[in-house]
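Trainee: There's a structure below that I have some questions on.
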Amino acid sequence: MPEPKYKRILLKLSGEALNGGDKAQVIDFNILEMYAQEIKKIAEVGVQIAIVIGGGNIFRGASVEKSGIDRVQGDHMGMLATVINGMAIQSSLEKHNMTTRLMSAIKMEQVCEPLIRRRAVRHLEKGRVVIFGAGTGNPYFTTDTTAGLRAIESEAEVVLKGTRVDGVYTADPEKDPTAVKYNQLSFDEALSKNLKIMDLTAFTLCKENNVPIIVFDMNKSGNLYNLVMGEEVGTLISN
Ligand code: UDP
């Protein structure tokens, strides 16, 4: 069996990507199926996989402040949205015979396990895919911050941020045709160039705890596998 470069990873998937760019639908099940196939490929070579999924396809706390729903209430709604996405991804992984555990930072025991760090690590050691739902459990945070935090807590070697662009660019490649991709960057460089990779809380957590981040295109088949096998894919941000 080929040896992966990383033994334990934290995969961050955006909620927004789940609707496939179609705001009329919440979840595009073809995308979920694609994710499951990509994740299965790395599970088969023995990579221990933790997943944090966002909720932006369903609800974002900050977007409703004007509507009279206060921020904390909105953020709780956003965190519950991540559990819905977590349940969807759990089902798609189970369809491919992977053993999974969905752990929520907000207790809902009829639906999923409560988050207990030691138990999460044990699941990972046993080869179960752990999906961390409900963000950090606290308002005013993001699922990027959750990804950094859960990576540190579960001793993942790297945060893999799956997006729809293939890395970090000098400018937005969807708007500026002269934009150039970085293969590698230091956290300090990314900060001084004001590159928007993750929010500052998430970024600082990863920098201070020496957890590298790789931004890559999750929609390109084979990328996730190649990445964990040590190929240069996307942009690596490290100290
Ligand atoms: N959220 C929160 N605390 C957390 C994580 C998430 O309050 O620790 C809420 C917040 O309202 C956020 C929403 O959940 O807008 C969905 O998460 P996010 O926007 O990070 O999802 P993504 O952009 O990855 O789809």
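Heads up, the Cβ atoms here are built off N, Cα and C, so glycines get one too.
TrEMBL entries are annotated by machine, without manual review.
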Trainee: Write down the one residue from Asp75, Asp166 that TrEMBL lists together with Gly55, Thr136, Gly137, Asn138, Pro139, Tyr140, Phe141, Thr142, Thr143 as binding UMP.
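Mentor: Within the candidate list, TrEMBL flags Asp75.
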Trainee: Have a look through Thr163, Thr178 and flag the one TrEMBL assigns to the ATP site that Lys12, Leu13, Ser14, Gly15, Gly56, Arg60, Tyr169, Asp172 belong to.
Mentor: Thr163
Trainee: Rank aside, I only need the closest one: which of the binding-site residues Thr136, Asn138, Tyr140, Thr142 has its C-alpha nearest to that of Gly56 (ATP binding site)?
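Mentor: Closest recorded candidate to Gly56 (ATP binding site) by Cα: Thr142.
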Trainee: Could you tell me which of these binding-site residues, Gly56, Tyr140, has the greatest number of Cβ atoms within 10 Å of its own Cβ?
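Mentor: Of the binding-site residues Gly56, Tyr140, the most buried by Cβ count within 10 Å is Gly56.
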Trainee: Where ligand 1 binds, which of the binding-site residues Lys12, Thr163, Asp172 are close by, with Cβ under 6 Å?
Mentor: none
Trainee: In whole Å, note down how far the CA of Thr142 (UMP binding site) lies from the CA of Lys12 (ATP binding site).
Mentor: 11
Trainee: Max CA to CA distance in Å over the ATP-binding set Lys12, Leu13, Ser14, Gly15, Gly56, Arg60, Thr163, Tyr169, Asp172?
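Mentor: Pairwise Cα check on Lys12, Leu13, Ser14, Gly15, Gly56, Arg60, Thr163, Tyr169, Asp172 gives a maximum of 26 Å.
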